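> Sharing a structure with you now.
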């Protein structure tokens, strides 16, 4: 852990340098490949890990090798993972989905922004130095049209986004020929239906049923289509965003790029400080993954942080502002009802959700029902016009294991189920947010309650943390719960960093949180039996048994750390071909001994076989040629 503390000026300068020198970069011994689709000029990016051959015999002077297949893996890094792509943060990413959106002929380009706040920001010359220069002219559904992926799915339309996703979810496993790599244990999926092969039609059917969502705002054409659903790979979200006391636009863009490099499937911008609007624009124009927000945070900033002064009008304007910028999903705390707030009074830690506490305070101060609940249909109308998915927030989630699975938590969950049905009336895609802090033996109930109460809409949880005693290590305490609930059926896991409960995460914290949660998600995919999930594990195990150290590093989720740990004790190049590591040394390496046992057993088998043949030869009288009837 680094102990170097940079000043705010140094942090910003470092982030600016990162942005100015940003290039497409592949992981060690990996290359970017594109798998093409059958329609719409679809090219799905993946990372292919190149492997070295296996020594299978021969002599020192004439060794014999067997080639090992390259291993394709899911890649969230977008253009940032392709060395052939020129990166310019000032211009933003290529608009991958724009031709698909325009070809559907159901959107119109707006003459002006719908949000009064946006119009005000755009005319403020004092913001010119901060503003992203290549602003998009926003689009909206034509009158009488809905432009959501759920709407298309219900019409029986397989969109380019759906085909892109089908190819992506299969992870290029059709390229793998080795039976050793293709071997996979049967999973236990708790009633999920995982197909042998994910087809575009399967994607369409899951979206149409509401069991999966494709967050894909028509004003975020830079994003690469992905899916969140129980019957697909478990996804991971990373949170970034400035606060009133720290971080800048440069640092948040740096964290965005860093997050996609380390496997974030979506990113939430939770900015609460200055220049929220401008920061979000830079993030969206440079993001290859869906971006989510909690609009109530910005609405609160517009009323100077006074929850009691929030109004539906200010919130609605914020929704329009963010939808026209391209936000792909909104967290809306519409389930925090006035009658549920007293249920939290007996809790040890009360209401720990920022959005939940804001709405609870508003409800109590006005003694009125939550205006997000009261205006929920209007929220859905806005979302349907831009294809913004709804992430129904768990404002009453437990903030300690003592408060887990209580009346307040599940009362809100049941309300979220009612709101889900309303959103579906408008063809709006929905996922449900979940806890929180839950001990291991109480986690599965959260999944079963969500499936029953929310009609199998995708579940999206923060952890859950399985114990409260480890500040500084809550990426571990929550990673345990995340792996469990992912196995039980949770579709997306919101990462927790080492700074949880302690401070705003920096770049290294983001990486630590993501690696922890990619492990949890992958462990869940293995346990569920997601097709092809075990290929990378098998490749790693084979490389490990054959002492192919470079391949072990390169197959790792974090090749750099794996290599660094190995080189701490065996830094010489000879250590990377040695048939042992520093833990056991050459005499006690179990895998080296296993290889020797295997070779010895094979030799013994041959020797025994030859002895049997010799005995049989003598029993036949020692004749070289036998009579036909004796054969």
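Note that Cβ sites are derived from N, Cα and C of the backbone, with glycine treated the same way.
For reference, Swiss-Prot lists these features for the protein:
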- 239, 268, 297, 333, 353, 354, 355, 394, 395, 396, 397, 433, 460: substrate binding site (BINDING)
- 437, 501: Zn(2+) binding site (BINDING)
- 581, 584, 589: [4Fe-4S] cluster binding site (BINDING)
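Each of the listed features needs to be described in terms of its position in the shown structure.
Look at residue 297 (substrate binding site): DSSP puts it in a helix. The Cβ of residue 297 (substrate binding site) lies under 8 Å from the Cβ of 270, 271, 272, 276, 354, 355, each of which sits 6+ residues away along the same chain.
Under 8 Å, Cβ to Cβ, and six or more positions away along its own chain, residue 501 (Zn(2+) binding site) finds 471, 474.
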> Check the Cα distances from residue 437 (Zn(2+) binding site) to each of the binding-site residues 239, 353, 395, 397, 460 and keep only the ones within 10 Å.
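Qualifying among 239, 353, 395, 397, 460: 397.
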> Please give me the CB contact count at 10 A for residue 355 (substrate binding site), counting all chains in the structure.
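I get 23 for this one.
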